[in-house]
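Q: Following this message is one structure expressed as structure tokens.
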């Protein structure tokens, strides 16, 4: 940067001691609310959650230190293992198809086309709709004489008790979640695809590579960063998901849709076992972090950096 | 090839929107007899809207949702603008520690801190109050992080020349920083409004008083309140979907910017 010589003394003044003091004072003032907020509502709760997970606490009296009891109990708690299994099925079942379908839609949608901008806006609608509104709608779609059964009836299949059958209810949740997240992933992937360098594709086209080869050899590797982002938000989002299971099935029938956050919520706020609920929260946190790290490792594996 | 691709895409999108249309159609259902049918009856929809606003808790839930979502989104924008700008542009003691805490918080889910957060709000005497629902979520690590990333790219010459002209740091933030940060702040407002409009878990925990329930909690109870008329509940769901959809279409650019942030190679 070049400044005229006449300004030099004034610039010297604004970079001097008084200026540094003014900067520090304003910086501290502007970030004071944030400092207080994150301390009181995130740091303290996180430290407390770790502490509470080693205690027995039912809101009456003080938390009582019980060491690893909560974690030991968890190992023998069929309710916990059921929830862990349900969450794993729900996560894998909704993440994989929603990302594969989103890619299948995003690749043609990212190309220039007369109506593609309009279609991209439409694709976002399910993602922008409140989850509560969509959950209520889907609970009616999955009713005995609802749209889902009407559609499979057209194909000649028998109507199914989607939300009341132990084997089907979780898959009903998976279908709804896949549908809900599809648009979001399409938009993120489309943006990623449009950011890829066109010259690489042109060169590959000149070399005679077909569309399938281009997709697997060029598009997918180049898109790795965006895919990783989508995968992480999809997995973490599914693992902490609470609303669909709460609204569609309340965790039932017979615990078939009792995802971990729902089990934790019921343990803490219905049965007031705050210590055990905190231990479940810790396991959920560790699982989410471990999966995120694993995804980074796997998808970044071939990177130089 | 191109025509075929366009047709298939249009069909896929149409199938995706079928449940959205089902919400419209169901909101006009007069009883539970025709759930699979997709005919739309505008007069029934009008009757349901009138009934929802005429009796029961619906207008109250709507008001509470607006208070919560607007309150949190506005506070988030103001406080994140201040902190994000300070962390990016000003040197002050403790800034590194604060940034480290915020980055650490990014990986925490609200589900993890739910129990202690509830205990803190209870200790503050904020159960069954609006501040109990608003204050614990009035900021987010994501918000501060987003503003900071954006504020790092502010033109330093402009800020320096304002200093040379003798403007105070606070004035530089308000008069130069905030206007230049506007795209980031609008994105943040939109994402936070949408998130809070949909927040069921926290109000469910801290608001026992139905007079404070926002739409998500109210809607989850509507089934009992109205003797489960599918038409009425679907109409309520439809009305709940209108503000977020309108905002998304109005601020589409910011919506996409917010969603794709971090996911696209820069």
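Here the Cβ of each residue, glycine as well, is placed from N, Cα and C on the backbone.
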Q: Would you please say which range out of A:227-247, A:248-268 has the annotation transmembrane segment in TrEMBL?
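A: Going through A:227-247, A:248-268 one by one, TrEMBL flags A:227-247 as transmembrane segment.
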Q: For the transmembrane segment entry in TrEMBL, name the matching range from A:121-141, A:142-162.
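A: Residues A:121-141 are the ones TrEMBL records as transmembrane segment.
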Q: Need the matching range: TrEMBL marks transmembrane segment on one of A:34-54, A:55-75, and I'd like to know which.
A: A:34-54
Q: Can you work out which residues elsewhere in the same chain, 6+ from the ends of the transmembrane segment (A:227-247), have a Cβ less than 8 Å from its Cβ atoms?
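A: For the transmembrane segment (A:227-247), the list is 87, 90-91, 94-95, 98-99, 102, 131-132, 135-136, 138-139, 173, 176-177, 180-181, 185, 188-189, 192, 220, 257-262, 265, 284, 287-288, 291-292, 295-296, 299-300.
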Q: Could you give the residue numbers and ranges of same-chain residues that sit at least 6 residues beyond the transmembrane segment (A:34-54) on either side and whose C-beta is under 8 angstroms from one of its C-beta atoms?
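A: Contacts with the transmembrane segment (A:34-54): 63, 65-71, 274-275, 278-279, 281-282.
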Q: Taking residues 6+ outside the transmembrane segment (A:274-294), which of them lie with a CB under 8 Å of any CB in it?
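A: Non-local partners: 49-50, 52-59, 63, 66, 70-71, 73-74, 80, 232, 235-236, 239-240, 260-261, 263-265, 267-268.
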